[in-house]
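Pulled from TrEMBL:
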type: DOMAIN; residues: 1-393; note: domain 'Major facilitator superfamily (MFS) profile'
type: TRANSMEM; residues: 41-59; note: transmembrane segment
type: TRANSMEM; residues: 71-89; note: transmembrane segment
type: TRANSMEM; residues: 95-112; note: transmembrane segment
type: TRANSMEM; residues: 133-155; note: transmembrane segment
type: TRANSMEM; residues: 161-182; note: transmembrane segment
type: TRANSMEM; residues: 217-238; note: transmembrane segment
type: TRANSMEM; residues: 250-268; note: transmembrane segment
type: TRANSMEM; residues: 280-299; note: transmembrane segment
type: TRANSMEM; residues: 305-324; note: transmembrane segment
type: TRANSMEM; residues: 344-365; note: transmembrane segment
type: TRANSMEM; residues: 371-389; note: transmembrane segment
Amino acid sequence: MNINGMKLLSSRAVSKLGDVLYDYGNSTWIASMGGLGQKILGIYQIVELLVSIVLNPFGGALADRFQRRKILLITDAICAIMCFLLSFIGDDKVMVYGLIVANAILAVSNAFSSPAYKSYIPEIVDKADIITYNANLETIVQIISVSSPVLGFLIFNNFGIRITLIVDAITFLISFLFLYAIKVERVQLTKQEKVAIKNILADIADGFTYIKKEKEIMFFLIIAALLNTFLAMFNYLLPFTNSLLKTSGAYATILSISAIGSIIGALIARKIKSSINSMLSMLVFSSLGVIVMGFPSLFELPIWISYSGSFLFNSLLTMFNIHFFSQVQIRVDEAYMGRVMSTIFTIAIMFMPIGTLFMTIFSFALSNVSFIVIGCAIAILGGLGFSYSKKQF
């Protein structure tokens, strides 16, 4: 991987650390307020979700119209300044409203930075190295996801929310500096840096036309939409695994094993040649892990079978995700990369509540049988996708 790729990877890793620390510190502080905190936390999360759904398409269009590095620099600068300013608010009541407003602003920033980042990778990293880059990124993200809550706990418990916000600001500043240090030697595509609502809407419509025209990209989007619906159902079940699996501590164990599985999957993913068929094979085999998670309670088998299923599922799902985004980054025209990425993110956000709603409405869904049903659904999705791709691509 070239030096610019390393700088971009470092920037994303530090930025991810800042994101996790920010979410942990703010959520913990708000939750500590009791019943009022529960309501405020709901508002806090709903605002973030709504902003993402509405602005993701615009973020993708801007990523294709503007220099993507500039977007990333601006969003990191906004995050750093926002966290730094929040740390100076002394009144707790004002701080609550400040956090809600700041979270909305940071959600806007993320709606622009996420598609810009994913579409910037092919500009910086050679196509031959994209899978390795994405595998390295996923490994780092999983390690941060596992370790940073501990760091967040230590900082928040010992120094409080304001010092936590200052640490957040520093992480975003470091991310900014890594991005600023990137030097692109090759000639880049000329970007149209004119902002007009009419032009942006036309770009979004043009992006949808491109997606409809490109069968492979439309295929990827359908797979992503359906898979995220099933994943939402699966994730809904996890907090109930202590009772479902009749084992105290099962949920915490599954979370830990899942993180380890994701790290192992990311390490293996770079060794596998990327293709649509290999990607879908990973999805099919990952379903076996979900299916066996429900076996121990249903058939009085050892609990380690459920844990093994969780490890298998998360390792193969991580491999699938790495190859999925690598395939998109390799196949999509650079001029449309931002809009395609933002469409993927938007679909993921929009379809996951469908799965959660289904699990919430139907009480019978809270059962070990649901693991088997969800696993079979993922297997069928992967199998149908595999069959279609062999005929069409």
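Cβ coordinates are placed from backbone N, Cα and C, and glycine is handled just like the others.
Proximity of distant same-chain residues to the transmembrane segment (344-365), defined by a Cβ-Cβ separation under 8 Å and at least 6 residues beyond the stretch ends, is recorded for 49, 52-53, 56-57, 114-115, 220-221, 224-226, 228-233, 236-237, 328. For the domain 'Major facilitator superfamily (MFS) profile' (1-393), the model's average pLDDT works out to 87.
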